[in-house]
Structures are given as structure tokens and as C-alpha cells.
Amino acid sequence: MSLVLKKSIDDVALKDKKVLIRVDFNVPVKNGEITNDFRIRSALPTIQKVLKEGGSCILMSHLGRPKGARMSDPKPEKGVRGYEEAATLRPVAARLSELLEEKVAKAPDCLNASIYVSKLKRGDVLLLENVRFYTEEGSKKEEEADAMAKVLASYADLYVSDAFGTAHRDSATMTGIPKVLGSGYAGYLMEKEINYFSRVLNNPPRPLVAIVGGAKVSDKIELLDNMLGRINYLVIGGAMAYTFQKAQGRKIGISMCEEDKLDLAKSLLKKAQERGVQVLLPVDHVCNKEFKAVDSPLVTEDVDVPDGYMALDIGPKTIHMYEEVIGRCKSAIWNGPMGVFEMPCISKGTFAVAKAMGTGTQKDGLLSIIGGGDTASAAELSARAKNMSHVSTGGGASLELLEGKTLPGVAILTDKQ
């Protein structure tokens, strides 16, 4: 999939236009404070482009998973339909104001914002409240999603999509609005995301390594199946590695294992061999008897995990082996951590992979792509994110791209003639 044949924000006049931009400001908030503003910062180039060209921005996003209310529900005496304090975009408006160094107005109800929109002048920014406060945003009933899309579309002259993180959703704000307006344009973040993934999937510098981790093989079946026809090396870590290792007859102690996926693991390993893909699995492990942080976890001498122990991270020999493979590759794509990186004593494997990719990018020109979600969080936590070619803002969307699927939020955008 590529954005080469889709129109972008550079292909349309923005002066004096009210531009409705679907962004992904689904950021972590604790006690009313944003703990990671990466997604907000990633949307700035598109917002600044509109302002520079003399347009005004109407921003819409979701945050969290509020229960939501229907458009037809009675309006409460105070407040707005579906409102939940934990999911308000108020902290986002404050942070965006700081980043833009100008006031960002906020409409408290995304579907009753006409008065706020009418006051917009050149260079103004308006943030609508959480679109998921209305259940129509994610409704599977086309008429419900269309009803919400029509209200939002009425605010604007143009629709721009910069929400790669929700591009895999067929929703009112991702596909409904461009359908109503008859056009939709890609923002700079959307364009950047798709083009990086397109490059690594369709025409990567070789050798190409896929580093795949996380808890379950079942979560990565389609990704692995699609990538085996494209990669030279497959590096496996995380809890999912132990399903593969048990399938090979190794001892895994009480490590997590999907017993019903052992035959699938064998099949994937056989397919990799048939396609000439070298698969690397852990050769030593950092273990504990319980799923908790300890000061001195057990590090095994070899590939087998002792009885009564569970593997929580890859060991030093495995780290060295994985670093060597990354070092000999020209492209690397990483989806899923190597272990429980949130616990400092068992974060070394994940952080070592991040360091190897960052170093390879800066010193040897490695094309390095981080596939969003937990992997992006790990790269940020390891302070290596800035060294990568690209850190995706989308977990589910990047996973579906790697699985070879078409993203509805991209497919709906206007084709170039």
C-alpha cells in the first residue's frame, strides 16, 4: 500500500478554508496530566501547514474508550451527552496550546460546535471534544455513522486525515466525513507513516530483519505469515518465543505457552525454512519463579528454562546474537517487546534491541521502523526513539499494514488523477 496515488495536504488550497483534521490525540493521561505527548507533537507539521497557508483548523480526536451516548439520547441538564472526566480532551488542548505557542479553543460538545466554528478566523485552532462521547463514531450501522459524519462535515470546507493510529477503523470520523464531503486529503503524518511502511514492505534495502515480540503467537499469525515472503531474518522474542521453543522440543519451565498453537508454530518454522528465512530464537533467558520484579533474576546457561521458572526476558547471549543480526542488516522492522520492559530488572533485552537499531541507523544508515504500541513506548523509554528512521504512532494500524491489509482510513482518501 502506498500514498503515491493519494492526494495530500500539499495538493489543495488552504487559504481562508476551514480545515477539519482527524488527528490521533489518544495519549496517556494521569491525574489530568499528559505523560507522553508524542502523538500530539507528531501532528504539529500538518496543523502548522494549515495555519501558515492562512486557513483555520478544526481538530477532532478520541481519547480512551468512554461508554458514550447516542445522538438521540436526552441532553443532560448540565454538561454534554456521553461526557466522562477521564476521557476529556481538555489536557490535550492545554498541551497543544503550549506546543503551538498560541491559544487553542475547545468546543465542549463535538456535535454542537457550530457557534465555535462560526467564530474561527485565519490562524485559529479549535479542538472538538472527544468524538467517542457519541457511540455513532464506532457504530457498525452505516446510517448512524453517517448521521454523525454529516454534522461534523458541516463545519468544514476540507477534510484532512492525519490519524494513522485509527486508519484501520471504518468509523464516522475516518471514512464517513470524506464520504459526505466527496474528498479527503492525507496530512503529513499520515503520508509519512504509509510511505515508510510501504518502503520497508515493498522495496527495502536488504538484508531485511523483522523483530517480532509480544505475548501471543495468535496475535501475530497474520503478520508472520505475510512477512515470511518479504524478509531475510526473523528474530523472535517475548513470551511468544516459548510457544515456538516448546514446538521444537525445548524445556520452557512454567513460561507462557499457547498449547493450542504448537502445530501452528511448527508450520511457521517450516514455512520460514522453505522460503530461506533464517529464524532466531532465544538461546538463554532471564527467569523468575513468579511474574514480578526481583533484584537478582536467574539467568540460564543455555536454551532450556528450569522447572518452576518462567522466562521474562532474553539473556545476554541472545542479546549479543540479536545485535549481530541487526548489525548486518540494511533494514529492520520491530513489532513487540523482547520481555517485560516495564520492570527495570528485566528490560535489558528490549532496550538492547532498541540500542542496536538506533546505533545502526545513526552509524550505518539502517532503515529502522518501530511498529507503534508497546514497541514505540519501549523505544521512548529507552531514550532511543529519536535515533530511529521512524517510530509509528499506530499500534493496531501498523500491525494491520504488516499483515498486508488495506486500511479503510487510507483507502477512502482522494486519488491523484
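Placed from the backbone N, Cα and C atoms, the Cβ positions cover glycine too.
The model shown is predicted, which means the values in this text are computed figures rather than measured ones.
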One of N232, N335 listed by Swiss-Prot as binding ADP at the site of G214, A215, K220, G238, A311, F341, E342, D374, T375:
N335
Using only what Swiss-Prot says about (2R)-3-phosphoglycerate binding by V23, D24, F25, N26, S61, H62, G64, R65, R132, H168, R169, K216, identify which of R39, R41, R230 is listed for that site too.
R39
In this structure, which of the binding-site residues H62, R65, H168, K216, K220 has the fewest other Cβ atoms within 10 Å of its Cβ?
R65
Measuring C-alpha to C-alpha, could you say which of the binding-site residues R65, G214, A215, K216, D219, A311 are within 10 Å of A239 (AMP binding site)?
G214, A215, K216, A311
If we check Cα distances from V23 ((2R)-3-phosphoglycerate binding site), which of the binding-site residues G214, E342, D374 wins as closest?
D374
Which three-state DSSP class does F341 (ADP binding site) fall into?
coil
Restricting to the record's ADP-binding residues (G214, A215, K220, G238, A311, N335, F341, E342, D374, T375), give me the longest CA-CA distance in Å as a whole number.
21
Distance in Å spanning the most remote Cα pair of A215, K216, K220, A239, A311, E342, given for AMP:
21
On a count of neighbouring CB atoms within 10 A, which of the binding-site residues G214, G238, G336 is highest?
G238
